[in-house]
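**Q** Before I ask anything, let me first share the structure, which is written out below as structure tokens.
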Amino acid sequence: MGRPALFIRLSGCNLNCEGCDTDLKPSLDLSVLELLKRIEGQGKRVIITGGEPTLQMNELVDLICRLYSRGMEIHIESNGTNTIPLDILEKICCAVVSPKRGSDFNLGFWANKSNVHLKFVLGKPDWCWNEKELKQLIPILDRERVWIMAYGTDQGMQNASEAWDLALKLGTNYSDRLHIRLKRS
Ligand code: SF4
């Protein structure tokens, strides 16, 4: 967070979280080669996000291989409901997986891998987690790579201190929502 990066946002998601802050409709229809041409010379760090990027798995694998061969630092964000091939995951600097409560996320695959960080959103909507659930889940995870973030769509982030307190209590990291705090109206 806070480091400049190029974002590639792949459209579409297999979940439908209340209050999702992403426009899930496609805006551009590009082949992988067209996309690469468009981003040429725009920095070395790239974050592939969505929606849910793994829904376009063939294109995603092709994209990661081509970015990797160009020496790019690759990051990916996912809701964790799908896995990705291990040889592709190895090419990724950092995967941020945010399992949604009640979804069929694949914790067995994503948990405790050295380049995977798990992010849990604390809050009231159905897909968010609560303290009791996180207290049960977190002891089986490597806390060094677990982050707790508050749900919130307003710049004041009223619930941030609750997430901070819980992160301290459970020995995890706290994640802010910089994209919300700095949002321009
Ligand atoms: S998983 Fe993420 S992108 Fe998909 S609906 Fe939920 S918040 Fe939105």
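Start at 1 and count along the chain as shown; that gives each residue its number.
Positions of Cβ are set from backbone N, Cα and C atoms, glycine also.
Pulled the feature table from TrEMBL, pasting it below:
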BINDING   Arg9, Thr49  substrate binding site
BINDING   Cys13, Cys17, Cys20  [4Fe-4S] cluster binding site
BINDING   Thr22  Mg(2+) binding site
BINDING   Gly51, Ser98, Pro99, Lys100  S-adenosyl-L-methionine binding site
DOMAIN    11-91  domain 'Radical SAM core'
**Q** Of the binding-site residues Thr49, Gly51, Ser98, which one has its Cα closest to the Cα of Cys13 ([4Fe-4S] cluster binding site)?
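**A** The answer is Gly51.
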**Q** With every protein chain in view, what's the tally of Cβ atoms within 10 Å of the Cβ of Cys17 ([4Fe-4S] cluster binding site), excluding that atom itself?
**A** 20
**Q** Can you list, in sequence order, the residues of the same chain other than Gly51, Ser98, Pro99, Lys100 whose CB lies within 8 Å of the CB centroid of the S-adenosyl-L-methionine site?
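**A** Result: Leu15, Cys17, Glu52, Ser78, Asn79, Gly80, Thr81, Val97, Ser103, Phe105, Trp127.
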**Q** Could you tell me the mean pLDDT the prediction assigns to the domain 'Radical SAM core' (11-91)?
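**A** That region's mean pLDDT is 94.
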**Q** About how far apart, in whole Å, are the alpha carbons (Cα) of Thr22 (Mg(2+) binding site) and Gly51 (S-adenosyl-L-methionine binding site)?
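**A** Cα to Cα, Thr22 (Mg(2+) binding site) and Gly51 (S-adenosyl-L-methionine binding site) are separated by 7 Å.
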**Q** Restricting to the record's S-adenosyl-L-methionine-binding residues (Gly51, Ser98, Pro99, Lys100), give me the longest CA-CA distance in Å as a whole number.
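**A** 13 Å is the greatest Cα spacing among the residues binding S-adenosyl-L-methionine.
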**Q** Could you name the residues, excluding Cys13, Cys17, Cys20, of the same chain that surround the [4Fe-4S] cluster site, i.e. Cβ within 8 Å of the Cβ centre of those residues, in sequence order?
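**A** Other same-chain residues near the [4Fe-4S] cluster site: Leu15, Asn16, Thr22, Leu24, Gly51, Asn79, Lys100, Trp127.
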**Q** Per DSSP, what is the helix/strand/coil residue tally across the domain 'Radical SAM core' (11-91)?
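**A** For that range the per-state counts are 29 helix, 11 strand, 41 coil.
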**Q** Which binding-site residues from the set Arg9, Thr49, Ser98, Pro99 come near ligand 1, judged by a Cβ under 6 Å from any of its atoms?
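**A** The binding-site residues passing the 6 Å Cβ test: none.
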**Q** Do you know offhand how many angstrom separate Pro99 (S-adenosyl-L-methionine binding site) and Cys17 ([4Fe-4S] cluster binding site) by C-alpha?
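**A** Cα to Cα, Pro99 (S-adenosyl-L-methionine binding site) and Cys17 ([4Fe-4S] cluster binding site) are separated by 11 Å.
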**Q** Return the residues near Lys100 (S-adenosyl-L-methionine binding site), defined as same-chain residues 6+ apart in sequence whose C-beta is under 8 angstroms from its C-beta, sorted by sequence, else 'none'.
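**A** Within the chain, Lys100 (S-adenosyl-L-methionine binding site) has Cβ neighbours under 8 Å at Leu15, Cys17, Asn79, Val121, Trp127, Cys128.
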